[in-house]
Every structure is written in structure tokens, then in C-alpha cells.
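Enquirer: Got a structure for you, questions after.
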């Protein structure tokens, strides 16, 4: 076999050809470990595609991955005792956000978001909060902060909308006899979450496109919804076009969350394909790929 054919075979199968015979006393290489003289990051950038591209190996450092809710380089967690909690938290966030965003967009002429209360307490709230706590157990600070916070958001959202016991909306409308104070308060509530989401967004700038888009869409949704409640229409109601725009970006955020969740769940053991996540050119993986291209073109 010629050198050119051998090089093509290496690119197709995702690694260099094995040596004819190993030394009797040589230690066995870890599965997926880079060959001698090649860093783990360069190995992943050159051969990190195909059915095993998202399978965690025993590399010391892994690249950013939204399926693990990791915006930066992180240590391999192959030997952890916990399963990956990120897809659970992402799915809880996605479903609750999807339903509320459809209502905000006026789907099926639904005008009251009361159905979201059950989801916000049970799935988007409690389950996502638990996923955030489990992210603490696996050592993911970003995932723990984000998932726990958005779980708290949904619980707080459900408390605001719950009639009766909490009496929040009634107390805010009792003073002037209209809902202006409640709408202003709720708008400030949403703007606070816009600020928090912007902080989280900054932490995804070196991660993947799919992970970044999740927080970008969510950030725009909070901003537009907050503006819609503060800058109301002539009738004193939340501005319908702005609320619908916020619902649209919320819908995009929900699908982006499901996409990242699927990327974290699908692997060679349960799927015939792997979800692409597209690393930014300035991310660690993107830089390694660019350096490889520059070396090959010299």
C-alpha cells in the first residue's frame, strides 16, 4: 500500500494504522488516547468525528460540549458514579419554555398561561433544580449555576401565577385598581433574568454554536418579554407584538435546549448518528483545527 493510500485510510477510520506488533511489556494505550507526540486536543480536532466523536475517553481534558452543559475545557468524567444530568435539566427547561412560548405567541387563541403552572412547579422547576444539584455533584459549576437558577425561575414564575395563597397579583393590583403595578413588577422580574442570562451567555463564547445559540435565544426572549410588560399598549396591556416576538425567541430557545439535550444523550450505544455541535473557530477545538490546517498547507 502506498503512503498516499495509507494516509487516506487513516483519515477514513479516524486514526493512524496500528503497528504490526506491540512490544511484549509495553503498557496498553487507553481507548481513544492520542498517539505519542500528539496532544489530546489535536487528536480530537483531527479525528473527532463519526460515531464515537462524543464518547468520553480517558483524555485529561475534553473540549466544550453543550450536551454536558460544559462551556469550556473540562476534565473527563468517564469514571464518575453519576450519569450526565445535563440532558434532564435541558429537557425540563425546553418543554416548559416551549409551552409558555406557544401561549405567548397566541397559539390556538390561548390567552392565559395557567397550564404552565403545573409544568413550572413539577418539571421545569423541581426536576431542573434537581439536575442543577446533580451538576454540583459531578463538579460542573456552570451547569449547577445555570440549571439550578432556571429551575428557581420556573418555581418563582409558578408562584407568581398561582391564584389564592400567594396573593401576589391581587396585592399589586389592589392599590390603584388596575394591573399597571403588577405588569411593571413582572417586567422588572423578567429584566433581572435577562441580566443573569447575559452573564451566562458570556460564558458560552468559547464553547459550541449550539450551546451559544441556546443562551442567545433565551437572552432575547427575556429582554423582549420584559420590554413587552413595561412598555404596554394604549389599553395598558402587555404589548402584543413584543410579547409575540419574545415568545418566538423562547420557542427557538426551547428547540436549542432539546438539541443540546439530544447531543448529550445520543452516543454509539443508542443512536445511529451523532448530533453535530459545531465548535467556534476561536474555541480550543477550533484553534487546534486551524493550527492543523496551517501546518498541512505549509
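Cβ atoms are placed via backbone N, Cα and C, with glycine included.
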Enquirer: Select from 52-72, 115-135 the stretch of residues annotated by Swiss-Prot as transmembrane segment.
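Expert: My reading of Swiss-Prot: the transmembrane segment range is 115-135.
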Enquirer: For the transmembrane segment (86-106), could you work out the same-chain residues 6 or more beyond its ends whose Cβ comes under 8 Å from its Cβ atoms?
Expert: 66-69, 112-113, 115-116, 119-120, 123-125, 127-128, 131-132, 135, 140, 143, 147, 150-151, 154, 218, 221, 225, 240, 243-244, 246-248, 250-251, 253-255, 257-258, 260-262, 264-265
